[in-house]
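J.: Here TrEMBL flags B:7-26, B:38-59, B:71-90, B:110-129, B:141-160, B:186-204 as transmembrane segment.
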Amino acid sequence: MNFFLKLSKIDRRFIYLFIALVVVLPLILKPKFPVVVSKPVQDVYDYIEKLPEGSNVLISIDYDAASMPEQQPFLEALLRQLFKNKLKPILIVQWQLGAPLGTMGLEKIAKEMGAEYGKDYINLGYRPGYVAQMVGIGKEIRDFFKVDYKNIPLDSFPMMKNVHNYNDIALLVGLEAGATYLAWIEYAGGRFKQKIALALNAVSAPDAYYFYQSGQIVGLVGGMKGAAEYEVLVDKPDLAVAGMASQSYSHLVIILFIILGNIAYFIEKGMKNKEGGK
Amino acid sequence: MLKGKGIPIFITFLTGMIMIISFFIPHKPFGDIEKISLTWYSIIAGFTMLLGVDSLIGMHFRKLKRKDENWFFSLVLIIGFTATVVVGIIETVRFGTAFDERSYFTYIYNYFIVPLQSTMFSLLAFFIASAAYRAFRARNFDATLLLITAIIVMLGRVPLGEQISPYLPKFTEWIMQVPQMAAKRGIGLGISLGALGVSIRIILGIERSYLS
Amino acid sequence: MLKRTLLLILFLILSISLFSENDSLIFLENQFPCEGFYITGRDIPNDGGSGIEINWSFPDSLDNCFLTVLRRDEFGNNSVVATDLLVSSKQVRDVSSDEEPSRVKDGIKYYYTGILSKKIIDENLLNILKEKSYLKNGTYIFNNDTFYVTSETDAVISKASWFNLSRIPVLISLIIIAFVFLYYLNLAKSGKELYIRKINGLDAVEEAVGRSTEMGKPIMYILGIGYVTDIPTIAGLTILSRVSKKVAEYETKILVPSYDPVVMTTAQEVVKEAFTEAGRPDLYNKNDIMYITQDQFGYAAGVDGMMMREKPGAVFLQGLFFAESLILAETGHSIGAIQISGTTETAQLPFFVAACDYTLIGEEMMAASVYLQKEPMMLSSIAAEDLLKVFIMLLIIAGFVISIFAFGFNIGLFKNLFDHLVNALQV
């Protein structure tokens with residue numbers, strides 16, 4: 001009894017300690033968990049699989065280091081699929097501090113898959129003013145991206161020769177940590193009928209279900225779980241799959257705390273009622 | 001008539017009306033108005049960044065001058081700020097972009113910003129745990145319902161749920177797609193109408209609290 | 001004389017054919033391996049002009065071929081619109097842009113020709129084709145590669161539209177909305193009393209500011225990580241105005257750490273005006289409304305640090321919040337501040353509900369300034385919103401019933417009706 005009463009007034013730092021342990025330990029011990037692919041993730045994968053060879057896929061890096069554990073594994077899995085299917089990624093960045101992450105992922109996977117810069121993929125880097133850009137790409141991408149991230153003119157790259165606006169882009173994939181995706185849906189999707197797939201941080205993924213249900217986005221990859229599913233789909237389990245054990249156990253610990261907290265709550269309530277009865 | 005608050009209200013009304021008209025008329029000069037005003041906003045926002053920096057650095061300089069409590073951290077901020085700006089400029093000149101693989105700016109990014117941001121975000125895991133612990137109490141029927149749903153979703157969203165029962169992730173998906181969405185759409189419609197109300201009040205000059 | 005002329009003509013023909021031999025462009029008259037391929041051009045509808053859309057239809061066998069599109073204007077100037085397009089892409093747009101403003105001009109006649117090839121088109125060939133004033137429809141050979149030239153499209157003239165027809169549904173909605181708002185505005189003017197329900201979070205503003213003052217602690221107002229172009233940020237600013245007025249009346253201090261410099265500048269103006277209106281401009285300190293950083297978690301860290309140091313008695317979280325919402329709210333809770341939050345981000349609402357004393361859910365936040373002021377004109381807009389809400393609800397119910405008859409009972413009439421409804425609502 002006393003234990004539960006103490007528990008109800010537990011210092012929050014004890015909770016933090018438990019969470020830290022269950023996050024870190026599985027990362028070291030690496031227990032395996034089977035990952036089942038959900039429909040919104042499968043839809044993104046299937047849509048890309050059906051794109052004709054040579055199609056351009058615009059990838060927007062709308063996250064930064066904070067969301068790296070959730071977004072980077074998906075970026076890598078996605079790029080693997082694109083290069084394997086001979087699709088051409090065009091990388092742009094809306095969150096300035098995400099630029100190095102996008103470049104890192106792109107270069108890593110391009111090297112691994114033997115893709116050639118300028119011919120099979122391109123990195124256009126960051127430009128300020130995201131809404132103006134989203135509206136502008138509807139007309140001509142060169143109005144904003146005259147040069148690539150290393151200041152080389154766009155027209156000197158063979159793959160950019162026919163890329164002018166959304167008409168030349170088969171799919172837009174937004175990797176999102178904030179609300180930039182709303183503007184993509186509003187401007188690129190709404191105004192220019194651009195097909196969009198999104199990867200969102202787990203904390204904001206439930207919000208994008210609207211657009212998934214209404215067909216405004218072709219699919220949805222939510223958080224590290226979604227990334228893990230994508231890694232399974234491209235048949236290359238990596239960091240996200242490894243993170244699933246930590247996530248499973250930490251959810252379990254939170255549930256246990258909630259249950260204990262409730263037991264304590266009821267005991268306390270019972271005691272108060274008794275006191276009241278006296 | 002156009003005195004005091006009259007002028008800003010008139011400008012707001014006029015701009016609002018032009019934007020509404022330009023939404024329907026693609027012909028020049030209306031068609032480009034949105035793009036032009038967004039570009040203007042970008043330029044203005046770029047200059048206001050100077051105001052921001054002035055505010056930030058000014059505050060910490062004052063703290064330093066007054067030797068306020070924790071003045072040392074203000075010093076760290078000023079040194080950090082200056083160093084990053086200087087390194088950024090030098091490396092942009094050297095490599096054409098500050099984010100070149102060889103640049104020290106990339107070093108600062110990889111070894112300061114990335115871990116700091118990740119740490120801040122990962123705090124969320126701890127805070128969610130403590131907030132959930134406090135908030136999820138079966139106080140009444142509604143709270144109990146919320147509690148049970150939360151547990152189901154928490155289990156169903158991780159591979160552990162699949163191991164408990166293959167129906168758990170499916171049920172979770174149903175919760176996410178049906179009851180969750182129903183509530184959200186309701187709130188969403190309200191928000192859109194609310195936003196419409198705010199916009200109309202501002203355009204018509206009924207809402208002046210932003211001008212105060 | 002006739003002989004001489006004939007000889008001259010012969011010579012000319014020969015020299016032309018010789019010239020053709022030189023660039024080895026050979027025309028194969030009777031071969032049309034690309035039967036069924038033709039291109040059409042049209043002005044892009046509903047645009048601001050300077051844009052032509054080129055479409056093509058093709059048999060499946062040509063799926064993997066490349067298409068190059070050439071443009072000839074009425075003055076005989078040739079230019080390349082696009083090269084090596086995948087035939088499967090079905091469409092290309094010839095549009096003037098800021099980068100190339102002189103591509104297509106309104107009012108000039110343009111003719112388009114397509115060149116279909118199995119391989120990527122040769123640079124030399126492209127130059128030769130650009131020089132030709134007219135290309136006959138048919139198959140050609142160049143350096144052993146065959147390619148097919150389509151017949152030229154009819155003249156296409158681009159023009160700017162005066163009305164975007166695809167936005168008629170929006171215009172109709174706009175008219176309905178304007179009508180409803182104006183109706184209620186008139187009603188308010190005529191003195192009819194309008195009702196607004198109780199919002200606990202807003203009633204608590206006075207209590208929060210009062211208690212904080214009693215404890216001798218400042219008030220912290222966090223506008224989130226939105227920009228001044230976001231409606232929730234604007235709503236947050238209107239609430240800030242009311243809160244600052246109370247703060248000035250209670251002669252206490254308000255701290256507004258900002259994420260965006262434009263928001264910061266606006267917030268400074270709002271607070272200054274509110275203090276002036278409350279008769280205490282002397283209490284206003286510009287430095288209390290400061291810029292932190294435009295980095296999401298850097299901002300969260302900065303604000304959290306400030307909370308721990310300044311220990312505000314009341315924390316307002318009003319605006320656009322994302323993943324940092326709970327990091328802020330939980331820290332606020334840990335220092336024991338009264339917290340009143342509000343956002344339109346539904347994903348963050350559960351966090352606020354869990355960690356704050358009062359939460360304004362979505363539209364409550366939008367209605368806050370009305371609630372705090374309760375002017376009849378302001379109230380009329382809330383009543384108008386409610387009527388529109390009823391209208392939307394009826395529309396949803398109608399759609400629901402029609403879809404049950406259409407897809408549940410498979411009745412054709414309702415299927416048509418459903419399609420019409422969806423089309424009418426689509427933009």
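Glycine is no exception: its Cβ is also placed from the backbone N, Cα and C atoms.
Could you give the neighbours, burial and distances for every feature on this list?
T.: Long-range Cβ contacts of the transmembrane segment (B:7-26) within its own chain (Cβ-Cβ under 8 Å, at least 6 residues beyond either end) map to 33-34, 37, 199, 202-205, 208, 211.
Remote same-chain partners of the transmembrane segment (B:38-59), defined as residues 6 or more beyond its termini with a Cβ less than 8 Å from a stretch Cβ, comprise 77-78, 81.
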J.: How about long-range neighbours of the transmembrane segment (B:141-160): same chain, 6 or more residues beyond its ends, C-beta under 8 Å?
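T.: Sequence-remote neighbours of the transmembrane segment (B:141-160) are 132, 168-169, 171-173, 175-176, 179.
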J.: Sort out the residues at least 6 away from either end of the transmembrane segment (B:186-204), same chain, that have Cβ-Cβ distances under 8 Å to it, and list them.
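T.: Cβ under 8 Å, 6 or more out: 12-13, 16-17, 210.
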J.: What parts of the chain pack near the transmembrane segment (B:71-90), using Cβ distances under 8 Å and only residues at least 6 beyond its ends?
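T.: Answer is 56-57, 60-61, 63-64, 98, 103-105, 108.
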